[in-house]
Amino acid sequence: MGNKRDLQIDDIYQAMPNDKSKRLGDRLAKEWDKELKKSELDQKGSKKKLPSLGMAIVREFGPYFMGVGLLAFVEECGTRIAQPLMLGYLIRYFTKKEEFNEADGYLFAGAVVFASGFYTFTHHPYFFGVQHVGMKIRIACCALVYRKSLRLSQTALGKTNVGQLTNLLSNDVNRFDQSCVFLHYLWVGPIQTAIVTYILWGYYGPSCLAGLFVLVLFVPFQAYCGKLFSGLRTSTATKTDKRIRVMNEIVSGMRVIKMYTWEKPFAALVNDSRKDEVKVIRKTSRLRAVNMSLFYTSSKLIIFLTLLVYVLTDHTLTAEKVFVTLSLYNNVRLIMTLFFPNGVSQLAETLVSIKRLQNFLLMEERPSNLLKSSNVPNGKEETLNKQSDPNDNLVTGVFLQNVSAKWSPEYAEDTLSNVSLKVQQGELVAVIGHVGCGKGSLLHAILKELPASSGSVVVNGSVAYTSQEPWVFAGSVRHNILFGKEFDPDWYEKVITACALKRDMELFPAVYADADVYLLDDPLSAVDAEVGRHLFEKCICGILEKKARILVTHQLQFLKSVNHIMLMDNGKIQVEGNYTALLTSGIDFAQLLQTEEDKTGSTSNMSPLKRTSFGRSRTLSNSSVTSITSYGSPIKRSSIVSGEGSLLGNAYTYDDVSDSENEDESISPDGSPSKISMIARKKSIDGPNAVEETKSAGSMKLSLYWKYFKFGSGTFSFFLMVLFNILTQILFSGADWWLNFWTKSQEEDFEIPVESDNPLYELYNNTDIQVYTYSGIIVALFAASMLRTLLFFSICMTASVNLHDAMFKGIIRSPIRFFEIFLNVIGILVIVGLVNPILLAPAAVLFVIFYFLRRFYLRTARSVKRLEGVARSPVFSHLTTSLYGLTTIRAFEAEEELCKQFDDHQDMHTSSWFLFIATTRWFGIWLDWLSVVFIAFVAFSFMLSNQDGAQVGLAVSSAMMLTGMLQWGVRQSAEVENQMVSVERVMEYTKIEPEAALESTQDKKPPKDWPKNGEIIMRDVQLGYGDDAPVLKNITCTFKSKEKVGIVGRTGAGKSSLITALFRIAEPTGLIEIDGIDVLQIGLHDLRSKVSIIPQDPVLFTGTLRKNLDPFNNYSDEEIWRVLEEVHLADEVRQTSAGISVEVTEGGGNFSVGQRQLVCLGRAILRKNRILVLDEATANVDPETDALIQKTIRTKFLECTVLTVAHRLHTVIDSDKVLVLDAGCVKEYDDPYILLQDRTSALYSLVQQTGSATADALYKVAKDAHLSRRRGEPLSEEVETAEQ
């Protein structure tokens, strides 16, 4: 099938039962549990022994692995030794024919051929077996790691990140696939060496010890190299983790980086990370180059020393001794200088990987059975002993009594302090407070994600939870809604209706779960007023009205409808009661919880913030030092990147759902949705089909190889590398030819073919010249081999840096081995042809067969390898996606469902990997049998000719090297082509059409003080993504200097796309002018650097706080502190020992959402631009922080043109003008008060959807703002009529 067409995923067989991820994971988990129990027993005594993952692996997979190792023993200590002995008898037959009859010659030749054939019955089953067991260990460890990741405590999660876990599942577990192949040679090699020593003693006596001594010296040398490899591996893994984290952050925040024109500093950051990594990899390459060079020359050096000592002790060489020795040493050399050192280095690196896996498996876990009644005084589980109501445990609901908790024991202050709460069936409790006051922590304490240090936490009934940052996983919408539950069509339809599927999906899984207790972490902020009210009335107060509900919210307009309100401050309940009671409480809450009319009256041009897409960012008390210095969000917000460099996790199919409507809100420049949650909320049900990873087809073109080497070197370096490869092979084959010449000249019956007066006479007759010549060849061979290897590694290293970081390991090893083997085969055929030219005829026939067999194999191998790469990606993306939604998964007790999905992904990859190693072995068997046929031609052909023993020995021993080598070489050529798929894919990214130029040409470069006024004119602006229909259609409007403009519209109206067009994130058409300059004609940096933005997602990057505010170091520390004062962050920063150099964790996890938004505001203040854009910037902050941001903007950006994209109308209703968009078109654009006079206007309709009380308040604010602007000027007729 693979020969006829490209294979697809559906063509792959199912994984065998014994290879299934669940089965293997269960088996290894059982052994690991034994280790844990054993460790607990030891620690109760005097011993303190850590559980050993290595021992668990050995107990589970060791017996089968050792059984497979017996095949290696039979091959290396039986077949590989018997064959050279049979060759010796064959050479003796030709040297001393008078002592044998012709039948003996055929018998000896047949024995040589039989040994080559028997080799295929041990070699391929061995390699298949060890690769199979390596695959099983990898699968089992992956399953174990994934299961562990779902059980990690929040403290443990704070000490790791997605990049490290991805590295465990990509690099570390892959060590098992590689190391299992070579480990058996660590014991087979010494045994084989001992047997060979015994045989050679019989030939040479003590002289053989000279060569063996050098061979044995390789063992401590390789042990030392293994130690170096281990250290380098650890260093590389650490630096790779850092680089992956940096790349994840950059890809995740790419939109913000472009808007801030920060490409250059972040490119430098990536470059520095890569340089650190490459520095270690370069050391590893040099060490590997020495290993490979020694391997290449070791057999020549060892046999040279053996023969030299033998000759110098007055012995005479014979063809039998030389070529038996050559064949034996070739076999020993392969084991002791390649497989043995590889085994040492692989063992060292595998032990490091096992240690890393073990350390992860020993990280702190979240206690099991968490959503059961518990009382946790002093952090210890005790019998339930509530003081409030003895019958609470019989009533459905949530009951907290004097609960105190902190995220880490290191914190001086509690995150929650003495909190009591009682929510029963049918009650709705709202939890409010400023950013970082402990609202989210309260929910996490109920979920037991935040461990209680004292007090009791009782949850009676099943729990459903919606996180502050909505999380979905790869699959259909239905799958996300069901979340492991049975499908109920009637209930499903009710859920769709109540949750406003057309607009929002974050509530789906929670509502469909039909739980007893609902924990809702601010699900209303990221939607417009209409959808928010629909969700509150139809869902939270509708189909969930009989449930116990806790709603964390900043939407104060809904508080009148709740049963009970809790105002939190600094982790404590400041005040609680119903709406009326809190209004009259007489404390600061009255300012926060004022009527919606007053609140909207105080607002300015700020807009809601859309939550970040991945993970949960824990918010801590603003007054606590730990708000800045904590571990922060354990799972950081970042893009999901596979080893292949593609974005993952956004593969959704919108099937089996009714009531569809296209609601695309935010699309990335390439036309694909930019965030998972954005897809779930914004995309239509009939929207994107499953996004499958791209898979190339066809064979690799030679031009691709040339492009690869061009990325790594110039033309001169490339041809120099080719020249050194050819020179090395000439020296390698020349050494064998010279050995043949030396041997013949040493034999007693040898007749010198030249006269004594011929200059060549001394060459035949002088042993010293022969020795010196052979010595020179060996030294030159080592030097040439070292130079060509180092040059090749250098070229590959450069190409790797220039093309793709992940490509280095795949490419760095395969091509050089292929080149070596290809040249070796040519050398062997030349030697055989010189000895017996007739043999070139069957060699040509076999070469043709090899060619067609290789082509046949490659057609399937390419497809299988590509499928393996495609099947591997979901394994990583599923891990990453799961970690981002860990709290949600555990709240729904969906760990088993997610584990099943992970096992399914692993089983799919297992099927493709098993098929890959099976097809590889099939190909190897065919090639080796063809090599056996060629050896038979060579061996039996000499029975028909009159050749001397030296020539027969040279030809047959060379042909014997073909068995294994040729199939290895051809498979390596296939592997090179498979690995070049990575190059091909990276090349695809190099061909992506770049953005416009970053800098303007001199004739179009705007003045340095541009823009002075900040006036923006748009005419006939259109914007589309890819080949899709335009999302902006003929936008024509003018934003005057210093004007404050609100941009509103329903979800999908094109608000964010308008910002995209202004920043040219995607290239629009039409005219966009700023102060008379067409911004579509200037450089992107010239444009973007002059427009400030506070984006939807408050993105922070790993590094110092100062670097986040000023990556170019353009401002002084005093200016940075002044800005922090202005955004009210200075006090928190001063409480840290590092000040503005305080480290920001990945994704800004140690800052609350509100604090991150204030940092973004600080960036805008620093830039002092005349134009400010706010893209839904305050949806996740409390009204107090919202007002704080607005006040800062009113004072700091008074002279600026401000464009505000908003969902919440009160943030823009007092703007100078409001632009209403609908389906990508300008619906209306005018003073909001004037628009509200027209009952048919779109703005009027939007305002009325907020409810009558809120609508009246909004109208009053618009009117007051209008009058304020017009004060001292005659009012328009419309306003006068409205006031009358």
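Residue numbers in this text run from 1 along the chain shown.
A Cβ is built for glycine as well, from the same backbone N, Cα and C atoms used for every other residue.
Listed features, source TrEMBL:
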TRANSMEM  61-82  transmembrane segment
DOMAIN    81-332  domain 'ABC transmembrane type-1'
TRANSMEM  103-121  transmembrane segment
TRANSMEM  185-204  transmembrane segment
TRANSMEM  210-229  transmembrane segment
TRANSMEM  289-312  transmembrane segment
TRANSMEM  332-354  transmembrane segment
DOMAIN    398-595  domain 'ABC transporter'
REGION    597-618  region 'Disordered'
TRANSMEM  708-732  transmembrane segment
DOMAIN    709-978  domain 'ABC transmembrane type-1'
TRANSMEM  771-795  transmembrane segment
TRANSMEM  816-834  transmembrane segment
TRANSMEM  840-857  transmembrane segment
TRANSMEM  922-944  transmembrane segment
DOMAIN    1016-1248  domain 'ABC transporter'
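Under the criterion of 3 or more C-beta pairs below 8 Å, with sequence separation of 6 or more, the transmembrane segment (289-312) and the transmembrane segment (771-795) qualify as touching. Simply put, out of 103-121, 210-229, 332-354, 332-354 has the most Cβ pairs sitting under 8 Å from the transmembrane segment (185-204).
Here the transmembrane segment (103-121) does not touch the transmembrane segment (332-354). Their Cβ atoms form fewer than 3 pairs under 8 Å, with each pair 6 or more residues apart. By the count of Cβ pairs under 8 Å, the stretch nearest in packing to the transmembrane segment (840-857) among 210-229, 332-354, 771-795, 922-944 is 922-944. Listed by sequence, the residues of this chain that lie at least six past the ends of the transmembrane segment (332-354) yet keep a Cβ under 8 A from its Cβ atoms are 53-54, 57, 76, 171-173, 175-176, 178-179, 181-186, 188-189, 192-193, 196, 215, 218-219, 222-223, 225-227, 229-230, 233-234, 237, 291, 294-295, 298-299, 302.
Note on the domain 'ABC transporter' (1016-1248): mean pLDDT across this stretch is 84. The list of residues near the transmembrane segment (210-229) in space but at least 6 beyond its ends in sequence, with Cβ under 8 angstroms from a Cβ of it, reads 193, 196-197, 200, 284, 287, 290-291, 294, 298, 301-306, 308-309, 329, 332-333, 336-337, 340-341, 344-345, 347-349.
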